[in-house]
Structure formats: structure tokens, C-alpha cells
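Chemist: So Swiss-Prot has the following annotated:
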TRANSIT   1-49  transit peptide
REPEAT    262-296  repeat 'PPR 1'
REPEAT    297-331  repeat 'PPR 2'
REPEAT    334-368  repeat 'PPR 3'
REPEAT    372-407  repeat 'PPR 4'
Amino acid sequence: MLNKCSGSLTLLAVRRFCGPCRRLHYHKDNPNNINIAKNLLNNNIQARCSTNEASWKLAQKELDLKIREYEQKLKDVKLNDINKKSPLNIPDEVWTKFISEVNSYDKEKENHLSTGNHELRRTTPLKIGPLLLTRIGLLKSKNTASNNYSVDHIVSNLANDNTLLNRQVSTEEWNSHLRHLLNIPKCFLGVDIVEIVNFFNYLPQTVISKSSLEIWKAVEESGMKVMPDLLVLLMESTNASGDFRKTVQLYHLYQKSNAPPNGLVYQSYAIALSSLGKHKDLVALYSEQKSVSITPSKDFLNACIKAFSRTKEFTKAWEVFNFMKFTATSISPSAETYGLMIQICSSQYNPEKALDLYNEMKLRPIDPLTPTTFVINNLIHALATDVRFQTVAFSLLQDLSHYGLRPNHSTLYELIRLIAYSGKLDYMKDILDNFWVRQKLLPSILKVEQIFHFIFRALISAEVQTSSVTPDYTHFKEEVRKIIDSSKEPLIPFLKRSTLTENDLFLNAIYTFEYAKRKFPEALNSRLVTDFLNIFLERGSVQLFKEIYQLEFREMSTMEGSSMKVAKITLTYIYAIKLALLFNDFEFGYAAWQEYWHCKIHKLLPKEDASYEQKVVLLTLSLLSKNKHTSLARSLLLSHLDKGWTWNKHSLGFMRKMCSVMNDQATVYLIDSITNEIGINQRFTRK
């Protein structure tokens, strides 16, 4: 009975993406899930067979509700399975294999770059006539104008070991022969277009790319129409050589020739637009392609999905994906398609959907797909920031080995990011030791400031034992100085000792910060300083935060430099006021506000991003309101209404709540007017 599920139930199942029947297949190894699916289908068999329209609609509603309940149960089961897994841990053999494979990948890449890319001619046979052979310079004959050579004569002329066709030919030689051809006026006159396509199919793509526009011009001058096959060959060659601007030029020339649209031409053009970052043009091309009766190719649709992802048009990307799954008859989503959609899930902060897509591509009943390194890298990225899925993200390293995939530099980047957000300090130290201290691989993948950002992020996320007594900042700095001065080896960006307690963590953070100041002072931008301060803010170490703010921040604020160092000051003020708000330290927060305002009034700060200033003002409004200084908060709010900022109930909600508690009806009315009425800013601007 389960195998005969049909009719409207099937349509509903498709609308729910494969419905209970396919979910039954996906979860066939889980007894709990399969029982749920069987019960769901059996309970609705009778309802499906109803002939009364009213009862049929009611049955559909019931089925829809049960499907939603079923999906929720599947979701709960999945989350329970995730939570039951072992703590974040990578088996030693998997970790060792990962380190060695990344090292071997890097060495192979270096060897490839050092040997160069000597592209040889293609292995396809050269099937062209003697006239074109003569003009190319491959066939020597007194009667160069004749095209009546016998096949045996051509073969005997080409059989000599010294001829171009019977030995490996350098790119320079092919370029020379192609220039010889293109220098002849109307060089393709009298030559069949099929022979021309065969000839260019034989040449290396770099040679074709270099002269692609001249080839187009020569074909037109010879009085021939450019066939789509030849255009696609030219565009594929320019794309393969990375000369995407020539691909765009070729497409525009093709448009001017009033030639009919071609799916492969669209595909090559889409790849070029995607590579050039012209995502808006690619979105327009997608609309143009839909208006013509041409079935799009898989590569074209993948390029469109990538464009919609870059332009943040995620709804359209899902439409293309669903078209490939449900509507298109000759194409279906590839592993690359799933990788791109997982990337979109990451942008939409939906790790659960990303994991569903990964399972779907592996378990779909028809043509299941094998994951690629690209897919797994994107899935690690999507899962890394959500604590619920970090165990699953680490287990993906085993999937790489299971499917015979090799990690690459992107895998290393995603793993460092995952380690940072999961707080696995031992793994972070191991990676830094292998790929930064022993060999300088990391700086070629990440900027130095990104590496420090991930180190600080790992220190924020790490789980350690709380220390009963925390020494002051001076004590930590003195200990760090002793470690640095007594070290006989070159400095490394982390302490090798284990980090078991909060004091160990603080010592490691201060050591890394001192290392960055000494070795990479140019990397200490606004993000890193706030990351460093955020370690103590997140740990609730108010006293250490204050000491670092007073000593390190003041020290940096006197440094001469660019607006980046000014942004550093502004962001640090934000963190100082935020700490005062969280830990009820009004004096510290108000002093930080006054210092910021002093620098701003006396123009000690260059013009900065408006969002920074608004953030400082909003935090100060909350700080004043929380400490019952509502009149000061109202004055501060009124003085900034002419800034053109967006005010809403969320940003002013805390201030309104505190003013309501204080029975300050004037300020409550002011906030309600600002957040509810259009043009209210004109009423409350300064005279």
C-alpha cells in the first residue's frame, strides 16, 4: 500500500519537496522515523480516496497538518541525534591525515607553479584541407592556391617526423603559425567553416584566447557568418585562459551580428560575468534567457545561482534551484549546485537547512550525488557558528576521507574558523604550529589580522575552569615579559602550555596581543583591538577590561596614524560603554562617553562612519536611562535628531521602558512620536 501512494497525495508530497514517501526512503535506517512515515501514510489512505469535495479538502488540510507535524518530529529526532554525539573531538588518525594532506596539497601546488603550465596541442586529429594547411604554413607546395591535393599526398607530406604535427609544439610556435594565417587578407576565404572549427579545436586554448578577437574579425572579413560552434569554442578558450573580458567582447559582437540565441553561448557568457563579478549583468542575462525558448544548461543555472547569492537575491536563487529539481526535464542539481545552495544557507544563517541539503544530495532516491570538497567546505562554514552543529562540522573531516576527497586551502580556512568558534584551543595551537611557525602557509591563505582574529575568537569561545582569584593586568604583563625575554627560540603567536583555567586563558590572550604588537603592529586594526577587549568583556572580567582600556587603549590613542586607528578609538569607546551598561558601572561608562565627546568636539577624530557614532549615542542613552538620568538622555536624544539616523522602537525601546518606570511622560511621548510619526525629526531639530 505504501508503494502505491499516488494522486493528489503525490502532488502534495512534491510541493513539500519529496513528501513522506521520499522522507521514508531518506530515513529508512532509523526505526523511529520509518514508523512515523508509515503511520502518516496509512492514516491518510482513506482520506485520499474520498469523492466528496468538502471532505476531500478537509482531508487535504489534515494531511498538510500531519506532514508539518511529521517534519517537526524529524527535526527533533535530528537535533536529539546531534546532541547525543560525543563532545567536540577529532580522532587522532583523522587529524594527522588532515595535516599531512594539506601539506602535500601545498607542495604539489608549489611544484605545479614552479614547473609552469606548458600547454601542449590537443590529442584530437587535425582534419582540415590542404588550402588551410598551406595558409597556416604546415604544408609546403608551389601550388598554394590549389585545394585539389589528394589525401595520400597530404598524409605523406605530414608524415615526416620534422613536421609540426608529429612532435610536441610550444605555445610560441602555435602563436607564430596562427599569426601567419591571420596576416593573410581574407585568410578563411574558400575554407569550409567545419574545417575552421576543426582547426581551432586542435589548437591550445591559450593560443586561441590570445587571438580570439582577430579570429572573429578574419572570419567576418572572409564573408562568412560566425557559427555558434566557433563562437562557443572561442569563448570557452578565453574563459579557460582567464581572459573573461574578451569573452564579454565576443558576446557583444555576436549580439551585433543578429545571430539567433544559443544556450552554450549564454553559458560561456554567464561564466565570464560571474568571474568578473558582474552579478547584476548576470541577473539581467537570466531574465533574457527566460524570454527565449532555449533550455538552459546546468552550468548556466549554477552561474545564475552564484550571481543571485552575491546580489543577496536569495529568493530567486531558491527559485532556480527548485526549477532544476522539479520543473526541468533534462537537468537536475549537481554537487556544485548543492554547494552553492549550502553557501546561501550560510548567508541566511540557516545551518539546519544546509545540513538537510547535504543529506538530501547523498540520499536522494534517484541519482544520489557524491559530495565534493567544495560542498563540504561550504557546509563547515554554514555550521561553524552554531553550537548545536559544531560536532557535525568536525565530523565532516571524516567524510572527506570516506569519499576519497583531499582537503585544500579553503578547507584549512574553514577548519580554522570552526575551531575558533568552537573554542578548541589545542587544535588552534596545532594548526598555528604546523602552518605558521614551521612553514609560512597560513599568511598565503589568510591575512595576518584574520589569523589573530581567529585566535582571539577561540579564546572567547573556549570552555575553561573559572579562577577564584584573577591577578591584575600588570602582573600578567610582567609574566608575559619574562616569558618573552627568557625565550631562546623565535617568538611564536601562542603559549605552548595547556590552557586549563581562566587565568591561563587571560595569560595566553595577553601574550598573543604582545606578540602582535611586537611582530605585526600594522595588523592591530579596529577589529583586533575590540576582539582582544571582547575576551575580557565576554568573560565578565571587568577589572581587567578597565586596566587594559586605561593602559593599552590610551597608549594607542596617542599613536599618529590614519583613520583606521581613529576607528579603533571609536570602537573601543563602544565596548567601554557596553561593559558599563552590562555590569552597572555608570562612572566608567560616563567617563568613556565624555572622553569620546571631548575628542569629537575638538575635532581630534576625523570624520567617521555614522553608524559608529549612532552606536555610541544609543549605548549612552541606555546607560543614562538605566541610571535614572532621563533628563540627560532626553537632551542627548534631541541633540541628535537632525543627524538623519533611523530611529525605531527596538533601538529606543530600553530608554522608553526606563522613562516609563520613572514616570517621565514627556520623554515617553517624545520617543513614541519619533518612532511612530513620519517627519517628526523636523519638529525636534535644534534651533
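Count begins at 1; order follows the chain as displayed.
Heads up, the Cβ atoms here are built off N, Cα and C, so glycines get one too.
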Chemist: Please compute the mean pLDDT of the model over the repeat 'PPR 2' (297-331).
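Modeler: Taking every residue of the repeat 'PPR 2' (297-331) together, the mean pLDDT is 89.
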Chemist: With DSSP as the reference, give the number of residues of the repeat 'PPR 1' (262-296) in helix, strand and coil.
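Modeler: Across the repeat 'PPR 1' (262-296), the residues distribute as 27 helix, 0 strand, 8 coil.
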Chemist: Summarise the repeat 'PPR 4' (372-407) by DSSP state, stating how many residues are helix, strand and coil.
Modeler: 27 helix, 0 strand, 9 coil
Chemist: For the repeat 'PPR 3' (334-368), how many residues does DSSP put in helix, in strand and in coil?
Modeler: 26 helix, 0 strand, 9 coil
